[in-house]
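Novice: What TrEMBL records for this protein is below:
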type     : residues                                         : note
DOMAIN   : A:27-211                                         : domain 'Glucose-6-phosphate dehydrogenase NAD-binding'
BINDING  : A:Arg64, A:Lys172                                : NADP(+) binding site
BINDING  : A:His202, A:Lys206, A:Glu240, A:Asp259, A:Lys362 : substrate binding site
DOMAIN   : A:213-509                                        : domain 'Glucose-6-phosphate dehydrogenase C-terminal'
ACT_SITE : A:His264                                         : active site, proton acceptor
Amino acid sequence: MTDSVTNPLRDATDRRLPRVPGPCALVMFGVTGDLAQKKLLPAIYDLANRGLLPPGFALVGYGRRDWDTEQFTDYVSESVKAHARTPFRAEVFRQLAEGLRFVSGAFDSAEGFEALRSTLTEVDAAQGTEGNHVFYLSIPPAGFDQVIEQLRRHSLVDKTSTRPWSRVVIEKPFGHDLASARELEQRVSSVFNSNDVFRIDHYLGKETVQNLLALRFANQLFESIWNRNYVSHVQITMAEDIGIGGRAGYYDGIGAARDVIQNHLLQLLALVAMEEPTSFEAGNLRAEKEKLLAAARAPRSLKSHTARGQYTAGWAGGERVKGYLQEDGIPHDSQTETYAAFRVDIDNRRWAGVPFYLRAAKRMPRRVTEVALMMQPAPHLPFHLNDTEQLGANALVLRIQPDEGVALRFGAKVPATPMEIRDVTMDFNYGTSFAESSPEAYERLILDVMLGDPPLFPQHTEVELSWKILDPILDYWADKNTQPEGYAAGTWGPPSGKTMLERDGFVWRRP
Amino acid sequence: MITTIKGTTSAGVQTAISEIRHNLGAGSGMVFTLLVVADAADVDEVRDACLEAGREHPSRIIIATDGSSRSDRMDAEIQIGQDVPGEVITLKFHGEVAQHKASALLPLLLPDSPVIAWWPGAGPAHPSTDDIGVLASRRITDAMGSEDPVAALVERACCLAPGDTDLTWTRLTPWRALLASALDRPRGTVLSGSVHADAHNAPGLLLAAWLRSRLGVDVTFDANAGPGISQVTLTTDEGEVRVTRTDGKMATFSAPDSPTLAVALRRREVPALITEELRVLESDHVFTATMAELASDDSLTQFTSGS
């Protein structure tokens, strides 16, 4: 790590100098998968192109293919050429190529892991990676146990050592309920130090989190209305326009709540609702998120304030699409929900009585993730009733994707009318005021792992607290043992999703 | 959309911008005004660099250049929409107006946001007192754009005002990043250093000055054939940290107890430099200290063309 040494060439005010990680090897499991091919490998190249990879770097792919290093290099080169954000430069790829290795083996193969071990010893010398290793598990949850067990058995990780270090990256879902999350945590922490475990939520890039923190805590304008005195309720939406595609094996039995609400939406909720952290240092930020998640709970009436649905065949965006039960690989009686919505109540001074409505779904009319703070109506309107007929509630909308930005909705007089007031939107887009090609979320994530920067990665306490909120809802749905309510693909979800808000006197905004 | 107006005023340009914006229905999220003072011959190249920088920093970019007509007038070309997130306005000053460019630029500065001036070619000797320079809070020159880069850089070093910066410094960022990260791990005390570059290489001299000011040891500058900076060596009590680049693209990195490794270290083009420069608008103390170090070095005259 860099902070233990005083480097005469560094200066806190020298903002041009990037932090470049120390030497290390990145071992990637699942390197032939979609995610690695489209996101991870290109992100590594982009880092190299931006001069952010250390000269001592190696990338070791582990997989079942019977490849040699040359074939692996071709594969990486193709993936980079097709998906990298920055232009392809031969000399940058040459730098990367010198550290590429491929080890052929299955997750349960003892020979494979022995070969991995000798490859790591080889690159540690030839590429000067000095025994620092990142293990990136870009694999389905079923493989976690096997790989972690093999790493332990072949002593590829020394938990007690900080120099050289070993880190592990795992992706959501982190378990499928509280009990399994705890089990996973135990297994991982028996091999890795808890500071060396990086849980990645690729929906929630570091940039987004930092933008949120800046908006909330760098401005006077917003924080003063950020409480129950002004906010009537909050709507957090993650809508996807796609179906489950080729992910049947992963998705069925998991469903929308486990897939994205447990990690992504509850993290967004925590960031939006938490108190101001003492500093943005890892521990302080985490403390605030944990406090908030501990104060949040499932609604008292699960019957009235939860909704689940499953998309049925229909027309979405001008295309005929299958229903969930007709998708390839889905059992025809599957009860997995593709639409999940529920209310979360937060029992603290700032938010008591302000419901937070969360919804996540597939096959919605469009792809959008946003957090909308819906304001209370003005206490008194000194206008005629018809003047304000078109006036809705003021809203502050934090758009996460696409087109990350902030929109403010408020009433304005329609010009050339006596006094007619209508909603207008003031829209700010990060894309038009700042970098058009901002670093991909994965570049930041990989860089942070190599630097050993944990601040924005949730730790297991947060994961467990999230499951505590979700578990009662999942149990309630499981006990019902009925088919989720159908909704036509390409619509905004089933009727129960709407009535859930209507009971409280609200409606979902159309994102 | 490109609109050309012959013989206009600042108000005329402003009206045209509003009309185009209205027709496009585009909102403006521009973050600063960039004033570029360019030679007529370089305008196309400069505009390309601006377009690229403008993609990362949507802004109002005004390129001011001298026209050849004898009548006193200002011609404007306004480019909005299409591949530009901001606005690119090219102003051509003919006749006497060319002496009063600042008067036309002042009304066109965006409200409430920073103003940056950039001279891609030979800039004024004292940017901070220049007519256009005073409009800006940040003034970017490029010593490499003048005929004698070393002399130009030394002159700037002697009269550096807050807000002045030079692309010579920007060119060094990848080198500095590589050297700084080499010392992120303990390597013992640095005893001395050396920079090898072609004889009239201003960045090489500046890099040596930076190393001197940070490390407080002797750092020699050795002239060779280049291209650009070809080698930097830091001698520590544990051995030598060395970066060698002979082709201007690919470097090798070597350090004690470490194999020799390949590192991509390409010389960067002006668009990349100006993009980086626009990213850091706060004052750069390290640059100031480095320029002070450079200014105090009397041995430099041997590298200026005049000697």
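Using the three backbone atoms N, Cα and C, a Cβ is placed for every residue, glycine included.
Bear in mind that TrEMBL entries carry predicted annotations, made automatically and left uncurated.
Note that the coordinates shown come from a computational prediction; the quantities given were computed from them, not determined experimentally.
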Novice: Out of A:Arg64, A:Lys172, A:Lys206, A:His264, A:Lys362, which of the recorded positions has the smallest number of neighbouring Cβ atoms within 10 Å?
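Specialist: So among A:Arg64, A:Lys172, A:Lys206, A:His264, A:Lys362, the recorded positions given, the one with the fewest Cβ atoms within 10 Å is A:Arg64.
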Novice: Pop the Cα-Cα gap between A:Lys206 (substrate binding site) and A:Arg64 (NADP(+) binding site) into the table, whole Å please.
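Specialist: A:Arg64 (NADP(+) binding site) and A:Lys206 (substrate binding site) have their Cα atoms 32 Å apart.
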Novice: Would you mind ranking the binding-site residues A:Glu240, A:Asp259 by how many other Cβ atoms sit within 10 Å of each Cβ and giving me the lowest?
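Specialist: The binding-site residues A:Glu240, A:Asp259 were compared, and A:Glu240 has the fewest Cβ atoms within 10 Å.
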Novice: In three-state terms from DSSP, label the residue listed as 'active site, proton acceptor' for me.
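Specialist: The residue listed as 'active site, proton acceptor' sits in a helix per DSSP.
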Novice: Taking Cα-Cα distance, which of the binding-site residues A:Lys172, A:Lys206, A:Glu240, A:Lys362 are within 10 Å of A:His264 (active site, proton acceptor)?
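Specialist: If one measures from the Cα of A:His264 (active site, proton acceptor), the binding-site residues that come within 10 Å are A:Lys172.
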Novice: Check A:Lys206 (substrate binding site) against DSSP and tell me helix, strand or coil, would you?
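Specialist: Where A:Lys206 (substrate binding site) sits, the three-state DSSP reduction gives helix.
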Novice: In whole Å, note down how far the CA of A:Lys172 (NADP(+) binding site) lies from the CA of A:Asp259 (substrate binding site).
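Specialist: Here the two Cα atoms are 8 Å apart.
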Novice: What is the average pLDDT across the domain 'Glucose-6-phosphate dehydrogenase NAD-binding' (A:27-211)?
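Specialist: Taking every residue of the domain 'Glucose-6-phosphate dehydrogenase NAD-binding' (A:27-211) together, the mean pLDDT is 90.
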Novice: Do me a favour and check the Cα-Cα span between A:Lys362 (substrate binding site) and A:Lys172 (NADP(+) binding site); whole Å is fine.
Specialist: 18
Novice: Given A:Glu240 (substrate binding site) and A:Lys172 (NADP(+) binding site), what distance in Å do their CA atoms have, once rounded to a whole number?
Specialist: 17
Novice: Work out how many Å separate A:Lys206 (substrate binding site) and A:Lys172 (NADP(+) binding site) at their Cα atoms, rounded off.
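Specialist: Answer for this pair: 16 Å between alpha carbons.
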